[in-house]
Amino acid sequence: MKTPFGKTPGQRSRADAGHAGVSANMMKKRTSHKKHRTSVGPSKPVSQPRRNIVGCRIQHGWREGNGPVTQWKGTVLDQVPVNPSLYLIKYDGFDCVYGLELNKDERVSALEVLPDRVATSRISDAHLADTMIGKAVEHMFETEDGSKDEWRGMVLARAPVMNTWFYITYEKDPVLYMYQLLDDYKEGDLRIMPDSNDSPPAEREPGEVVDSLVGKQVEYAKEDGSKRTGMVIHQVEAKPSVYFIKFDDDFHIYVYDLVKTS
């Protein structure tokens, strides 16, 4: 299976997902997305103390099969409580959030924690930031010919660590993305849809236990009859029926409404 490493944003293989792929020209044309990756040799590995690396900048080598080693830099967003080996990472120049077992995956080499800190910024409009969480949106992307293409999706949450970024997913491509949506809103590239007729979630009493699928193993039947397995790793607070799933054969984080009825 093709991996996201070494691919440009939006060119990730979706053959095993059962969904149409996102073409590269649908991604935001920002300078960070125009970086070119070159093959490099592994850097000197650091010692193995298992420090908490959430919030840290990292770099590591990646080698798929007999291919060359490529170097990757990114920010560690989270360590998954139900699978502490699994980290969520935002790589520089890429829009997807990736899930990797950094200390176990044999394709990862020379993992280093970098000295540079993640810059923190003040949210320019806290009320707007809170308002868009859990909302359906229309997000405009610039295509190669300069025209606009509209993607409907849902804003899921403020991203951890990178505090001016938001988690979002799309109907056309239900994986976890990150964008600075306040900027897009102010530029006219993001529109919050009117509230639907869906009833709001019921208020819960303090201390009330709510059933959750987090930590459960899941099985997904593909169109060709084969199956893929994975784990539910997160429940979206703003939409409790929506969950993040990490499949065993993929690095992307999938976003599904697991309680939706037809």
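Each residue, glycine too, has its Cβ placed from N, Cα and C.
Listed in Swiss-Prot:
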type	residues	note
REGION	1-49	region 'Disordered'
COMPBIAS	27-38	compositional bias 'Basic residues'
MOD_RES	Lys44	N6-acetyllysine
REGION	93-98	region 'Histone H3K4me3 and H3R8me2a binding'
MOD_RES	Ser109	phosphoserine
MOD_RES	Ser124	phosphoserine
REGION	132-193	region 'Tudor-like domain 2'
MOD_RES	Ser199	phosphoserine
In whole Å, how far does the CA atom of Ser109 (phosphoserine) lie from that of Ser124 (phosphoserine)?
38
Tell me which of the modified residues Ser109, Ser124 sits in the most Cβ-dense spot, judged by other Cβ atoms within 10 Å.
Ser109
Across the region 'Tudor-like domain 2' (132-193), what is the average pLDDT of the model, as a whole number?
94
Of the residues in the region 'Histone H3K4me3 and H3R8me2a binding' (93-98), how many are helix, strand and coil by DSSP?
0 helix, 3 strand, 3 coil
Work out, from DSSP, the number of helix, strand and coil residues along the region 'Tudor-like domain 2' (132-193).
7 helix, 30 strand, 25 coil
